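Student: The structure's right below; bear with me while I get my questions together.
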Amino acid sequence: MTKSQAGASEGGVQGSPGSLRVTCRQATKSRAPFIPRSFSFLLSPVPLGTMEHNKDAVWRANGCLQSVCIACLMDTRRGLPDIESHRDLHIWIIENLQMVPVPEPAYGNFFEKHCYVVLHVPQSLKATPGVPKDLHYWVGKMAAPGAQGAPGSFLQHLKEALGGATVQHREVQGHESACFRSYFRSGIIYRKGGLASALKHVETNVYNIQRLLRIRGGKHVSATEVELSWHSFNNSDVFLLDLGRMMIQWNGPKASAARKARGLFLTHSLRDRERGGRAQVSVVDDEAEATDLMEIMEAVLGRRVGSLHAAMPSKRMNQLQKANVHLYQVCQKSKDLVVQELSTCPLTQDLLQEENCYILDQGGFKIYVWQGRRASLQERGAAFRRALNFIQAKGYPSYTSVEVMDDGAESAGFKQLFRSWSGQQRKNKNLSGMGKLLQVKLDVGKLHSQPELAAQLRMVDDASGSVQIWCIQDSHRQPVDPKRHGQLCADSCYLVLYTYRRMGLVQHVLYLWQGLQATAHEISALRGNAEELDLWYRGALVQEHVTMGSEPPHFLAIFQGQLVIFQGHPRHSRKGQPAPAVSLFHIQGTDSYNTRTMEVPARASALNSSDVFLLVTANLCYLWFGKGCSGDQREMARTVVTIICREDMEIVLEGQEPPNFWEALGGRAPYRSNKRPPEDVCDFQPRLFECSCQAGPLVLTEVVFFSQEDLDKYDVMLLDAWQEIFLWLGAAASEWKQEAVAWGQEYLKTHPAGRSLATPIVLVKQGHEPPTFIGWFCTWDPYKWSNTQSYEEVVAGDPGAVSTISEITAEIVNFRLSRWPGNDRAGPLALRALKSSEDISESELELGPRAGTGSRSTVSSASSSSYQSSPQSLGSGGLPREQLRHQAAEDLPEGVDPAHKELFASRNESSWARSKERTPGAVVPPRSQPEAWFKLTVNSQAQVD
């Protein structure tokens with residue numbers, strides 16, 4: 001074995017001088033102080049060319065191409081035009097080392113041979129002040145190697161030109177981050193080829209298009225241009241055959257309803273943006289029922305032979321994989337860059353020091369680079385290079401997402417990887433607005449008119465509505481006497497139905513409360529009875545799963561501060577039943593909206609100097625005030641005592657307890673006497689995810705910058721408001737109702753921040769959203785669900801579909817499919833006789849003909865070319881001669897004189913005729929409608945035969 005092989009076997013990557021050398025020292029498992037794993041990178045440049053002769057000069061580091069400061073050749077300030085303040089999204093294409101703005105109608109189209117820069121500036125009315133901008137560098141899979149390695153220095157220069165807090169991202173085609181994909185609601189379209197410098201990115205109202213797009217994905221769909229052949233089809237995806245004036249969406253037999261609907265949304269978006277809404281959209285859901293559309297498809301693609309193959313499953317990481325979080329510190333030691341592991345989840349914010357840089361590895365799903373505010377400029381400029389080297393050393397795919405951020409400009413996803421995150425740590429700014437809001441007297445009108453206030457307070461109203469309570473006994477629900485509504489038992493489960501009015505409508509919230517000592521059978525019975533009630537109320541109940549000790553504010557407010565949780569059934573009533581010898585109750589809260597009383601073990605160790613306790617004995621009750629309790633706590637405790645204690649009461653101050661007090665608790669013992677620290681004010685933003693588990697474990701796809709438009713009737717969405725989890729069920733997703741709560745629990749269990757499993761989980765159904773849910777959205781339209789057409793209604797209600805299909809089919813009816821070759825090759829009308837969109841991408845397909853030019857290509861049975869079917873109008877070129885010659889007088893277009901039809905012939909007709917004479921046997925498609933081209937080609941083929 002050679003020395004280099006030996007070095008590699010020990011965990012290092014050795015190479016010749018000038019290559020990347022990675023060494024890895026594995027930590028030893030011991031009870032001694034933790035010795036972290038570390039990586040060492042030795043970077044030495046090996047130029048492959050000079051800057052004068054090669055603008056894309058790169059360094060080779062262990063087989064990976066690194067860019068030689070390609071950004072230095074780019075004048076980012078000159079290439080960065082003025083950013084319009086009213087727009088939130090700006091896109092530039094990198095062309096000849098310059099940033100060229102992409103026209104807004106072309107947003108979402110990306111050429112695979114290019115790189116793009118995408119800038120997002122939050123413009124939401126409710127955007128949190130100080131939210132950073134997002135700057136993305138997108139790399140096409142066919143882009144030049146130099147461009148692929150360029151994002152580091154280039155984005156750093158561009159960030160400085162922009163100014164302000166900015167999060168930098170590296171995106172690779174087909175593996176974009178959720179943040180990037182969220183900008184394009186209708187979907188992303190990958191275009192083949194590159195973009196010629198002298199032509200526009202996309203030109204609308206151009207119909208010289210023939211392409212096949214495969215549409216796939218969940219909430220974020222993407223369309224990829226594939227070969228025009230039946231070989232490209234499968235049984236699970238959606239395909240779009242784009243014929244210019246007609247667009248046919250073919251749905252695989254196993255395609256889900258959600259994928260069909262999202263595919264149609266993308267198809268309509270393409271039609272509106274690129275064809276001005278003039279193209280006809282038709283859908284093939286069942287080939288047997290869409291014979292006319294299938295004739296057209298087979299006229300283009302040829303006869304399909306054999307059955308459809310299954311789609312290749314997409315690789316997506318589940319929640320357990322994403323929970324594998326590691327934090328590394330990056331430091332420079334001589335020529336070595338050492339990456340040393342500091343900690344695993346759950347992480348704490350104090351691990352990040354402002355003079356250092358860190359790499360956070362989220363299980364290979366994403367690599368974060370955090371830069372302290374006192375880190376050097378050299379370290380900041382090397383962030384992307386270090387991240388890419390780290391990816392290589394760990395053996396992760398080259399397309400692994402990278403996100404670089406500065407101290408104070410962290411993204412929401414990065415913050416939630418930590419147990420808690422407070423903006424106060426490095427800012428002299430109080431973010432604890434919640435504390436101030438809780439002190440405001442609740443006003444029902446404000447909570448209903450300002451749902452954002454209701455969401456922050458977690459209060460649907462002021463808790464003045466009506467209440468019904470059932471206790472689960474022997475798998476059935478038993479009504480609880482209203483006089484004992486506030487008395488719950490730790491070994492039981494309860495249903496609490498709250499009814500209130502909002503905007504004149506009756507609303508319901510059903511709380512499913514489970515005691516910590518309840519059995520699995522009782523919890524199952526609780527959910528079963530909740531389903532019965534939901535059916536009784538026709539699915540209008542908002543169901544909130546509550547665990548003892550983690551009750552939300554509104555639940556506590558229902559009982560006006562008099563909620564008491566006992567340890568056993570006998571304490572439900574003190575009358576007629578033997579009372580226990582000694583009981584100790586912990587009273588927590590300062591007002592009627594946040595007070596709860598829980599029975600705790602009657603031991604001195606259960607006391608706490610910051611709170612109030614009630615000790616109940618056979619003859620006397622002691623109300624014990626700790627030294628750290630406030631006057632509000634004492635006042636609320638006095639109101640609770642009347643519920644629990646019927647005997648005489650004695651107030652006891654900490655440090656002045658009588659001997660009988662300690663005797664009842666079994667003697668003195670140490671207890672918590674230090675002042676309770678203030679609750680952490682977490683600076684977390686709500687996050688929305690799409691839930692999916694079609695094949696295996698739960699997979700969540702985040703929707704960043706979400707809105708009501710991102711909620712679809714086929715969806716199961718998870719909204720993480722940190723203090724509670726919402727599961728939103730679309731109208732067509734009721735089949736996942738039972739699994740939804742389990743998904744919420746799995747989300748909490750696998751969260752990298754070590755979330756509490758007692759976090760309330762709220763099940764919300766479409767059309768019955770409470771203000772606590774609505775308030776997390778920027779705007780909300782209560783009538784959206786009744787005004788939105790379903791997928792079936794959109795397909796059925798498309799005007800003119802039948803007539804257009806009939807016209808096209810009539811032109812090919814005389815040329816039956818039986819005359820085509822019997823194999824799977826395309827027939828005479830197929831794209832074998834046409835250029836593919838890839839071949840004409842730089843001149844015709846994406847950009848269209850230049851102004852003043854007509855069709856210059858020809859079509860014959862033995863050659864490959866393209867056809868044009870640009871629209872003709874009476875005022876711009878006249879009508880085709882053949883159409884006028886055979887048209888009856890009553891069928892002529894308005895304004896055409898039957899006696900002088902030749903005056904309305906197309907100006908291009910004469911040149912077309914001359915071309916036909918010069919090329920015997922050749923057929924030039926006229927600039928008319930697609931059906932005219934079908935007729936022309938059929939007649940030509942008949943002559944050839």
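Cβ from N, Cα, C; glycine included.
So TrEMBL has the following annotated:
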COMPBIAS  850-874  compositional bias 'Low complexity'
DOMAIN    98-180  domain 'Gelsolin-like'
DOMAIN    221-291  domain 'Gelsolin-like'
DOMAIN    346-414  domain 'Gelsolin-like'
DOMAIN    477-556  domain 'Gelsolin-like'
DOMAIN    599-662  domain 'Gelsolin-like'
DOMAIN    699-774  domain 'Gelsolin-like'
REGION    1-20  region 'Disordered'
REGION    840-929  region 'Disordered'
Student: Using a Cβ distance cut-off of under 8 Å, indicate which of 98-180, 221-291, 346-414, 477-556, 599-662 has the most pairs with the domain 'Gelsolin-like' (699-774).
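Tutor: Ranking 98-180, 221-291, 346-414, 477-556, 599-662 by Cβ pairs under 8 Å to the domain 'Gelsolin-like' (699-774) puts 477-556 first.
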Student: If I count Cβ-Cβ pairs under 8 A between the domain 'Gelsolin-like' (98-180) and each of 221-291, 346-414, 477-556, 599-662, which range comes out on top?
Tutor: 346-414
Student: According to DSSP, how is the domain 'Gelsolin-like' (98-180) divided among helix, strand and coil residues?
Tutor: 22 helix, 27 strand, 34 coil
Student: Under DSSP, the domain 'Gelsolin-like' (699-774) has how many residues in helix, strand and coil?
Tutor: 23 helix, 20 strand, 33 coil
Student: Give the residue counts of the domain 'Gelsolin-like' (221-291) per reduced DSSP state, in the order helix, strand, coil.
Tutor: 22 helix, 22 strand, 27 coil
Student: Based on DSSP, tally up the residues of the domain 'Gelsolin-like' (346-414) by helix, strand and coil.
Tutor: 23 helix, 19 strand, 27 coil
Student: Which residue counts does DSSP yield for the domain 'Gelsolin-like' (477-556) in the helix, strand and coil classes, in that order?
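Tutor: For the domain 'Gelsolin-like' (477-556), the helix, strand and coil counts are 24 helix, 33 strand, 23 coil.
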Student: Taking all residues of the domain 'Gelsolin-like' (477-556) together, what is their mean pLDDT?
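Tutor: Mean model confidence (pLDDT) across the domain 'Gelsolin-like' (477-556) is 95.
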Student: Which residue counts does DSSP give the domain 'Gelsolin-like' (599-662) for helix, strand and coil?
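Tutor: For that range the per-state counts are 21 helix, 18 strand, 25 coil.
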